[in-house]
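Asker: One structure coming up, written as structure tokens, with questions to follow.
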Amino acid sequence: MELTIRKPDDFHVHLRDGEMLATVLPYTAKQFARALIMPNLKPEAIRTAQDLISYRARILAQGTDLTPLMTIKITDETTPDSVSESFQDGAIAGKVYPTGSTTNAEDGVSDFGKLRPVFEEMEALGMVLCLHGEIPDVFCFYRETTFLSVLYWLTEQFPELKIVVEHITGEEIGTEIEKLPSTVAATITAHHLVLTLDHVLGGKFKPHNFCKPIPKRPQDLMWLMQAATSGNPKFFFGSDSAPHPREKKECAEGEAGVFTAPVVLAILAQQFEAFYRLERLENFVSRFGAQFYGLPLNNGTLTLVKEPWQVPEEIGGVVPLKAGEMLEWQVK
């Protein structure tokens, strides 16, 4: 059995830098025509136009066919001018991490109100605002719903600003996004379509399934599956593939993030088939995201074939999602 779709996009991926970039980039490039590149690098995040130009050059120097769609990290120090300059040099989105909410978010946004001029500039430019939609220092199951007050404020104050709430995990935040104007959308990952909290700590702790936002209840997973397969253009794909070296995961204070790039399309095909919605996969990965970002649809196609394969136990010192397990679909 085969499925041929328009070449897809990944609207949220962490490629890292240096040796890690060289290790993980080919897995994204093999499957996707374009990818939205997250800016939270260490030791220096992508905050300015010059940062963006330099990082994009390092990605392109790897020699793959992937088109990187660049972002900048918005912090308390970001100015309208820096946003405008970055936009002119190719940034299509600005990413907000509330301070302390996830990996490399120590210098995130602590006061959204103080960034009003920045959001006004983004609104005027047509630059998308990407949100890690959690409030830290709240019980982990409630961090997304607590963030809704920020989301409501943004949509009321900046009605023309395009907003993407990334990697949503819960029914509560998802149903609210459905009610908001068409300027608000959300990405859904592959791992949140197969993981619940039990897959992280229901038995023995599985650090390579630990991510933020954390996977939630079985009913949340089912809601996400319904949303992803619904044909609602508000919901499209962003992998949030986030590789960390094995030793950074298997330790006393392991990093949050799941390396999913090698398996995302295989998992999506499996899950969409299980819901008898395989014909809707193309819209989810190849159409809705591009349309929201105002990008042309990709030319070319990609074929998935239903042939079992075993996921490697480790790739360049990184343990991928479903390591050692058999998957039914693969990219041809």
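Each position is counted from 1, following the chain as shown.
Placement of Cβ uses the backbone N, Cα and C atoms for every residue, glycine included.
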Asker: Kindly point out which candidate in N40, N232 is recorded by TrEMBL as part of the substrate site with H14, L15, R16, H132, H244, A256.
Answerer: N40
Asker: Pick the one from H167, H191 that TrEMBL also lists for the Zn(2+) 2 site with K95, H132.
Answerer: H167
Asker: Which secondary structure state does DSSP assign to H12 (Zn(2+) 1 binding site), in the simple three-class scheme?
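Answerer: H12 (Zn(2+) 1 binding site) sits in a strand per DSSP.
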Asker: Beyond H12, H14, K95, D240, what residues of that chain have CB atoms within 8 A of the centre of the Zn(2+) 1 site's CB atoms?
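Answerer: Surrounding the site, in chain order, are V13, L36, M38, C130, E166, H167, G238, S239, A242.
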Asker: Can you tell me how far the Cα of L15 (substrate binding site) sits from the Cα of D240 (active site), in Å?
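Answerer: Computed Cα spacing between L15 (substrate binding site) and D240 (active site) is 10 Å.
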Asker: Do you see any of the recorded positions R16, H167, D240, H244, A256 whose C-alpha is within 10 Å of K95 (Zn(2+) 1 binding site), and which ones?
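Answerer: For K95 (Zn(2+) 1 binding site), the recorded positions whose Cα atoms are within 10 Å come to none.
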Asker: Any idea what DSSP makes of K95 (Zn(2+) 1 binding site), helix, strand or coil?
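Answerer: Note: K95 (Zn(2+) 1 binding site) is in a strand by DSSP.
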Asker: Of all the binding-site residues given, H12, H14, R16, H167, which has the fewest Cβ neighbours within 10 Å once its own Cβ is left out?
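Answerer: Counting other Cβ atoms within 10 Å of each of the binding-site residues H12, H14, R16, H167, the minimum falls on R16.
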